[in-house]
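Trainee: I have a structure I would like to understand better, so I am pasting it below and will then ask my questions one at a time.
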Amino acid sequence: MNSMNILNKVKNVKSYTRLVRQGFLSQQRNHSVSVNEVDHFNELAKTWWDWDGGSRLLHLMNSTRLDFMTEVFRERNCFSGKKILDIGCGGGILSESMARLGASVTAVDASPMAIEVAKKHASLDPVLNGRLEYIHGSVEGSQLPTTFDVVTCMEVLEHVEQPRDFLFSLMEKVKPNGRLVLSTISRTLLARLLTITLAEHVLRIVPVGTHTFEKFIRADELSNFLKEQNWIINDIRGVCYNPLKQQWTLDKPGSSGLGLSCNYFLSAQKPMSA
């Protein structure tokens, strides 16, 4: 069964202050999954592995994600033997890559259509047998009895209803001294211009309605939240997309460029005493 057959078979807060009050500052642990967001990504699922479809930017970003993780881990063959949990895996773009690099990956997504696409695509590659497990669900609701060396959650935070609660759920799945690797979008006017106005409405390289500005979280807000929980920030870097070259560029360590004003990656380490 080829990729086209798979794709054809699967069918597809008024202000940030209010969002923060409901999310980061709320002590109530609520479910983070948004029905509207799940419906949106169910629609995108049918083109997840189409390089010219709505997930094209994620395909182009994937090697940059792996580069960031490799630099942060500072280990040779850094994925080999690692137990990794990939939350919000979508169709499995990152999950498959990490499994091919030697990790044992458990991948979870709230979209049933995305998980169906991911399973069928992974079945095409025998190398992934025994290395990659897909689960339909959420980090709060999925039966995950163990903790992991690494938890990844890429391009997901900007889509959840309760970011604070969601982050706590992610953090619980990381073993002591393990890593949490995140990527999301900063809540700045530049990010709004680039990710919503330009990417969605002008260039149409991202489906309209994919992003909600009020859900974006600034890099300093996210890093400060993690520090308050006594986590160590290993690295935080911006990543910029050049539509002319059609490529993503990762900021150099310590860079104070414009990258953190839009898309950014963050790696944090759980304290041993946690």
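Just so it is clear, glycine is given a Cβ too, placed from its N, Cα and C backbone atoms.
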Trainee: Given that Swiss-Prot annotates Arg65, Asp109, Met154 as S-adenosyl-L-methionine-binding, name the residue from Gly81, Gly88, Gly141 that shares the site.
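Mentor: Swiss-Prot lists Arg65, Asp109, Met154 binding S-adenosyl-L-methionine, and from Gly81, Gly88, Gly141 it also lists Gly88.
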Trainee: Just give me the nearest neighbour of His159 (Mg(2+) binding site) among the binding-site residues Arg65, Gly88, Asp109, Cα to Cα.
Mentor: Gly88
Trainee: Quick check: with Glu155, Glu158, His159 left out, which same-chain residues have Cβ atoms within 8 Å of the centroid of the Mg(2+) site Cβ atoms?
Mentor: Gly88, Val156, Leu157, Val160, Thr184, Ile185, His211, Lys215
Trainee: Cβ neighbours within 10 Å, counted over all protein chains: which one of the binding-site residues Gly88, Asp109, Met154, Glu155, His159 has the most?
Mentor: Asp109
Trainee: Can you tell which of the binding-site residues Arg65, Gly88, Asp109 lies nearest to Glu155 (Mg(2+) binding site) in space, using Cα positions?
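Mentor: Answer for the nearest of the binding-site residues: Gly88.
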